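Undergrad: Here you go, one structure.
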Amino acid sequence: MISSQLKAAIENRSECKHIINFLSAISQTLPLTLRIRHASFIEDSLKSKAEMFISELKERYSDLVRPVSYDSSNKTIFQATPNSNLSKFSLGKISPNLKRLIMKGTSEGIIARQELGSMLPVIALAGVNKLEFGSKVLDMCASPGSKTLQALEIVGTFSKSDLKRKKGRIVANDIHPLRLESLQDAIKRSGVSTSLTQRIIYTNHDASKFPTPKSGSTFDCIIADVPCSGDGTVRKDPHILPNWMPSISNSLHHLQMTILKRAIKLLKIGGVVAYSTCSLNPIEDEAVVASVLSWGNRFADDNDAVELLDWPDDSLPGLKFCPGVETWRVADYVDSSISKMTMREGEDSFEGSGFDLDEKAKLTWYDSFEDTKNVVKTFSPTMWPPTEDDRNNINLKKCRRLLPGDNNTGGFFVALIRKNTDVTFQKNRT
């Protein structure tokens, strides 16, 4: 809930109305969301059960869950109704029968319990026709596996026109061995047939140093859902907000850039990477995209060696997005003990560090990298917005931001980047 002091301070200020809406949204529990798996992905023996499952959802539980309005063509995404207060935490208490139905559907591979933001990278890649039957896909930071399975539904299933094409493969990578084991277990428990899950290859590499395949064959598309601060997940994880600090995003910025650069190097010419975070902080989002695009185009005469793509018009056409932002500032606390905290890939959070924010610590904003030269902190020029000329070339507005209050979801960021030229091995390129 929003504190009475904060609400009183801003509720009568017209310029702060969006803040009230945002805070109201993130103070509510994330509603239950589930997705019906692709029809051709479900085994023939279960197709009738899948049809019965959907019918039962619509007929018996329409007061609790309904197809979302922005998926009008497919009607495969269901979300808890606004007045049901249904979440993964309250499901068993509000409707034990619905919980049993959902658990059965999950175990049989008919449905996936997946938050909307998590669905977007795969939906976007499919929308630009880079994720399709036969595609070779890399999921760089794959755990817990929801995007891997979602991509497999497209890569591993086919129509009659696809019969002569080879089935695709997905390389599911994670740096953390235990997370990789959890990913494999989750896929085994998913109810998806072995004939399909055998199309997944598991690897255990640092995503920022992911090796070029021995075959030399690069990827049609890449999912780069990178380690992030997770500030967009506060509705489902209440521990995120009390432990959040600007230094978390600042410390992740370099790793995120390195992973995205590596993704672009691993793409085929014409391939697309979906870069995403469950953060709304531009230091982790637009700043990373802008710096990597500048890096990729620094030897290109026409600035299109790598380029941002628009969100595909036919993909969830009713979904409300905000465009990427083009200006922002960088913040941190002046207390040196805070700024020294960093996070590396494979670490989940700062929780448990024993750190308590000193009430006297002051949040400081920096308008430019030059403003930080007398500050004992680790900043990078790439954390700040690009120059006006670079902004015009990059067009960060093509990025997409999913705000919690617009569609009753978590917060999410996604950008589609296409590699147009093989600039990876140019002389002096790093």
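Note: Cβ is positioned from N, Cα and C throughout, glycine not excepted.
Checked TrEMBL, it gives:
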DOMAIN    22-420  domain 'SAM-dependent MTase RsmB/NOP-type'
BINDING   ASP174, ASP206, ASP225  S-adenosyl-L-methionine binding site
ACT_SITE  CYS278  active site, nucleophile
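Quick one: how deep are these features, and who are their neighbours?
TA: Of all the Cβ atoms in the protein chains shown, 26 others lie within 10 Å of the Cβ of ASP225 (S-adenosyl-L-methionine binding site).
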Undergrad: Within 10 Å of its Cβ, which one of these binding-site residues (ASP174, ASP206) has the largest number of other Cβ atoms?
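TA: Counting every other Cβ within 10 Å of each candidate, the maximum falls on ASP174.
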Undergrad: Per the record, S-adenosyl-L-methionine is bound by ASP174, ASP206, ASP225: how many Å separate the farthest pair of Cα atoms?
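TA: In whole numbers, the farthest two Cα atoms are 14 Å apart.
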Undergrad: Can you name the binding-site residues among ASP174, ASP206, ASP225 whose CA is within 10 A of the CA of CYS278 (active site, nucleophile)?
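TA: ASP225, listed in sequence order.
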